[in-house]
Amino acid sequence: MRECISIHIGQAGIQVGNACWELYCLEHGIQPDGQMPGDKTVGGGDDAFNTFFSETGAGKHVPRAVFVDLEPTVIDEVRTGDYRQLFHPEQLISGKEDAANNFARGHYTIGKEIVDLCLDRIRKLADNCTGLQGFLVFNAVGGGTGSGLGSLLLERLSVDYGKKSKLGFTVYPSPQVSTSVVEPYNSVLSTHSLLEHTDVAVLLDNEAIYDICRRSLDIERPTYTNLNRLVSQVISSLTASLRFDGALNVDVNEFQTNLVPYPRIHFMLSSYAPVISAEKAYHEQLSVAEITNSAFEPSSMMAKCDPRHGKYMACCLMYRGDVVPKDVNAAVATIKTKRTIQFVDWCPTGFKCGINYQPPSVVPGGDLAKVQRAVCMISNSTSVVEVFSRIDIKFDLMYSKRAFVHWYVGEGMEEGEFSEAREDLAALEKDYEEVGSEFDDGDEGDEGDEY
């Protein structure tokens, strides 16, 4: 088996995690108490979904997941929610005090006390696997727990499981919408370790997803639940080929191989199509070509950056539902002819496609329509650098005055760590600039202005 362990850290990680596991259960017909009426091989078996769920002798299916937070309220919602019987109580780890939006608290003072317990639980899950493939790590980098404890856990996972791949689903701060004043600090400090310790990181950003909900689903005031359900569709599409037997399966390691040209350049954009409400879906049938085109629309991107400002290096298209390879090839050929979608000249093919015949499921009473086919795109584009440069500018404004720095130093950090992390990100911006302009004959002189 090729098992994956999911690790959900901090409020964002846990709430996205809830949406994901709810969707996985629906897709596999697993009830909230973990029973699965449709399962033929009770108590074991090598069904494809066993990559994400382990089975007990009593026929109960338990997610291979750990939820960690430094304060109890969010995890208590899982402990009392609809799916409380799904998880083993040991998998829900909560501390007593908050990281208070402070990276240093999450990474040094408070995170340090809980991290061994987490690694213990992860070790138990790993021992329960026959062929652990890697980790999916969910967190946000704006807060204290997701950024601080998230980085700490990633660093420790690198030590304990060096060769296993780590995929991150990371919520980055939005350009306009901010949830805390010190977001830029936490993000820069956290990205510093994401650079080193994740193999692929998918960037998500609340504002971009708000806009998609508002525009495509006609939700006037989207809640986090709306956002998370959309994100869970993306993550479900990515992991579908691990959980179902498909036509063109895509492994976790394949994402890495196909999307990451250089180790540091591993921050991905994601998009999902079709995002339509039930009343709209009633009137339109979406072909493979149409959903492929809309996945490439700049407005479909789940992070606020415009792919037209950069070039694509590689791109992974995961189709699910009623899709045949012939349609996919035609759709991809059309995309290649478009002038607005530019690939770097050193990567001429750039497309990796996966097809899974399991049609997308939707949460009952949710906002998304039930459709026959859907596509999820993960792309490596140089335009991602816009996300970083935005944060860096805000970081510099605050750090030039050393505003709020004493909170971090008081928790045992050194000022040198700020400048080290900031230099690392400056180097990353430079890396992206170079990748975008390699082998250029100088016919595009405006390449430098975008960054």
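From the backbone N, Cα and C atoms, a Cβ is placed for every residue, glycine too.
Sequence-distant neighbours of Asn228 (GTP binding site) (same chain, 6+ apart, CB under 8 A from its CB) are Gln15, Val16, Asn18, Ala19. Annotation source Swiss-Prot lists GTP binding site at Gln11, Glu71, Gly144, Thr145, Thr179, Asn206, Asn228, citing similarity to another entry.
Following the DSSP three-state reduction, the secondary structure of Lys40 (N6-acetyllysine) is coil. According to Swiss-Prot, the feature N6-acetyllysine maps to Lys40, an assignment based on similarity to another entry.
Under 8 Å, Cβ to Cβ, and six or more positions away along its own chain, Glu71 (GTP binding site) finds Ser94, Gly95, Lys96, Glu97, Asp98, Ala99, Thr145. Taken from Swiss-Prot, the feature Mg(2+) binding site applies to Glu71.
Positions annotated as active site by Swiss-Prot: Glu254. In the three-state DSSP scheme, Glu254 (active site) falls into the helix class. Counting only residues at least six positions away in the same chain, the Cβ atoms of Lys352 sit under 8 Å from the Cβ of Glu254 (active site).
What Swiss-Prot records for Tyr451 is site 'Involved in polymerization'.
For Gln11 (GTP binding site), the Cβ neighbour count at a 10 Å cut-off comes to 24, with all displayed protein chains included.
Least packed by the Cβ count within 10 Å, out of the binding-site residues Thr145, Thr179, Asn206, is Thr179.
Of all Cβ atoms in the protein chains displayed, 28 besides its own lie within 10 Å of the Cβ of Gly144 (GTP binding site). Gly144 (GTP binding site) is 44 Å away from Lys40 (N6-acetyllysine) when you measure Cα to Cα.
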